[in-house]
Amino acid sequence: MSQPLTVDCPTCGAPVEWSEKNAFRPFCSDRCKLIDLGAWAAEEHKIAGSEESEDELYSGDLEPRH
């Protein structure tokens, strides 16, 4: 039988078995998953892109709501 794939938890670095048995993958625990979610919510993580503001991106695209 082959060895299960192991990855590092993105939050704490602990080894994590990548399998259907691990409901938190790629995280080692619910705690690490929630820490990562909190970091995204606090805008500590960002997806690379241009620095255009939302107003510039969407101005004139939609009719104003009344």
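Using the three backbone atoms N, Cα and C, a Cβ is placed for every residue, glycine included.
For reference, Swiss-Prot has these:
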- CYS9, CYS12, CYS28, CYS32: Zn(2+) binding site (BINDING)
- 45-66: region 'Disordered' (REGION)
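Around CYS9 (Zn(2+) binding site), a 10 Å sphere centred on its CB holds 18 further CB atoms from the protein chains shown. Within the same chain, residues at least six positions away from CYS32 (Zn(2+) binding site) with a Cβ under 8 Å of its Cβ are CYS9, PRO10, THR11, CYS12, ALA14, PHE24.
With the fewest other Cβ atoms inside 10 Å of its Cβ, the least crowded of the binding-site residues CYS12, CYS28 in this structure is CYS12. In this structure, CYS32 (Zn(2+) binding site) is part of a helix by DSSP. Listed in sequence order, the residues PRO10, THR11, GLY13, ALA14, VAL16, PHE27, SER29, ARG31 complete the 8 Å Cβ shell around the Zn(2+) site centroid, once CYS9, CYS12, CYS28, CYS32 themselves are left out. DSSP gives CYS12 (Zn(2+) binding site) a coil state; it is part of no helix or strand.
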